[in-house]
Structures are given as C-alpha cells and as structure tokens.
Amino acid sequence: MRGRNSYLQGFRQEKWFHIYRVVNSYKVAVLAIQEAHLTDELAANINTAFETKISVYHSPLPETRNAAGVAFVINKGLLNAEKVTYEEIIPGRAIIAKIKWHGDATIKILNIYAPNDTAENEAFWDKLRDATTRKPEWKPDILLGDFNVVEDSLDRLPCHPDNAGAVAALGELKSHLNLIDGWRRTHPDKREYSHTQSSNTSQSRIDRIYITNELLAPATDWKIDPPLIETDHWLVSTNVTTPEAPEIGRGRWQIPTYLLENETVMNDLNTLGRKTLDKIETNKYRRTNTVNPQTIYASFKTDLVETCRKHAKVIHPTITNKIAKLKKKLISMNNN
C-alpha cells in the first residue's frame, strides 16, 4: 500500500478509489494487501462507501496503525462476500480467509506481511508453522503476500542469497503446508521482480503466491504486473479454479464500447449496414442457396467485426500497449 495516501475526512480516501479500480479493471476476485494501515473506523467507512462493490477485512498491528497491517478486498461482483469468514493468526501480520467457492467447495487463503528484520523474519515462519500445527484448520490452500525474503538468489538483482536461517524456516513452513511457488514452477529460469528499493534501485521478487500441488495444475496466468496505483510493489496474480471445473474458452468477441462513441467507426458501420440492406432488397426475388437474406446477414456480421477490429488497432495502441512494450523490454534486459 505504501501508506494510506490521505487522511479520512468525511470520505476522501483517494488510494482506496484506486484500489477499487485495480479490483474492477483486472477482474480480481480476492485482493490481498500488505501495509494496509487500516483502523476499524477507516475499514468501516470504506465498506460503507463501496457497499455494493467491495468488502474489506483487515487485521491491524496492535501497537500502531502506521506500520504493517494486512487486509483482504473481496470483489462483490465475483464473490458472495457474505460467504467469507476470516481469522487473525498473527495480528497485523497474518490473516486467513475462508471463501465459499464453486458448489460446496471452499478455499482458504493466508495473507501475510513478513517482518523485514532478519531475525524477526525467521521467527515469523516458525510462529506460522506452530500456529498451523496447533490449529490444522488454519492450513491454507494458498499462501501469499510480502515475504521480505527470497529463496533463490535468482530472485534478487544484484543476485545474492538471503539469510540462511530465514530461508530454511520458510522452507520448513512450505514443507509443513505442502505448498509450491507457482510462479517459479511455471517460469523456472525467468527473472522478474515485484519490488524496487527506492534507495538503491535493487530489485527482488519478495511478493509471491504459494499454492497446493492440487491447485497448481488448474492455476493459470501467473503474472507480475504494474498496478493502477502508486506503490513500490507490482501486482502478483494468478487465475485459480477448482480441479473439477469444466474448461471455459475465451468467450465471444464483443465490440469495445469506445468504438461506438467514435464518429468515423459509426459512419463506416452505417455505410456497411446500408449496403447490406440494399443487397437484401436487390436479391429479394432472386433467392438461392448461397445468396439469400440469411447468408447476406452472416456476411454483414463478419464484415462488421473485421471493420471494428481494424479501427480498434488504430485507436487503442495507446498507453496500455506502450506499457506492455516497455515491460517486455524490461523483462528482456533482466534476463540478458
């Protein structure tokens, strides 16, 4: 989060409007936030302001609201927020959400914000292992968040190994929970980073998603993307479904709404429509198996889609495509 961005006065919480944009634009069902800096009052005001859009569940650090804190943001457009329950495991550092999923299935997601101090980081993993041993119902299907440690020197730029004790403690927790680093398993030799240190521009992949072996197979789209929010961490994401779920394709193509507001596009579509009507009228009494209102209309739909796609390629190569090209260059440089 990198701070609350502004104090709550009435409701002027600009950063949370951007958070909602992230959830809505990326179609995120569950967003995990670290360094949330939330109080009960602020969380309640956010839930009121976005009552029909999102629900926020949080765990603050007991001694201060100006450090740490973890939170879940549930997208009500994709999940039934009333079917979500959560528990604090370590206040301000670890919170687990149990979410009603497909059918009778549930999924448990553990959101963590590990301490930056090496000794505290190592002790944190031991605490989590002890907690999930004591209460097996706290064992998650997904463990994600800001780990503040990497397991492999490949995940730091410049490359260097992290503290052996902290790495070993995290490894023991992973083994105990039977979890796998999904991004690294999908990209075994790739270098991408989720965090840039502002003081020295060093980079690291300290933000990760660990997942059970059962969910790894149906998990897709492992990404590290720049989010639509001012922060020094990038958005790490994956698309997870139940192993029993049927395969769903890309769906049908739709005309982007911004094309319908473009005068040139609408003129071209109007011309195309008039030509189609004229052709149908001309062939009204000369119907054949290949030329008839149905085949003419089918050709019109094909031509309409091609026309819209042609215009979209001209109109839409704006900031989104520029960012994508810059990101591709960045990945290429990191892996050179």
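Cβ coordinates are placed from backbone N, Cα and C, and glycine is handled just like the others.
Sequence annotations record features per position, and here TrEMBL assigns active site to Tyr113. Of all Cβ atoms in the protein chains displayed, 28 besides its own lie within 10 Å of the Cβ of Tyr113 (active site).
Taken from TrEMBL, the feature active site, proton donor/acceptor applies to Asp146. For Asp146 (active site, proton donor/acceptor), applying a Cβ distance below 8 Å and a minimum sequence separation of six or more within one chain yields Gln34, Glu35, Ile112, Tyr113, Ala114, His195, Ile206, Asp207, His233.
According to TrEMBL, the feature Mg(2+) binding site maps to Glu35, Asp146, Asn148, Asp232, His233.
Per TrEMBL, domain 'Endonuclease/exonuclease/phosphatase' is recorded for 19-233.
Residues annotated as site 'Transition state stabilizer' in TrEMBL: Asn148. Taking all protein chains in view, 22 other C-beta atoms sit within 10 angstroms of the C-beta of Asn148 (Mg(2+) binding site).
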Mean predicted confidence [pLDDT] for the domain 'Endonuclease/exonuclease/phosphatase' (19-233): 92
Binding-site residues compared (Glu35, Asp232) - highest count of Cβ atoms within 10 Å: Glu35
Local Cβ density at His233 (Mg(2+) binding site) - other Cβ atoms counted within 10 Å: 20
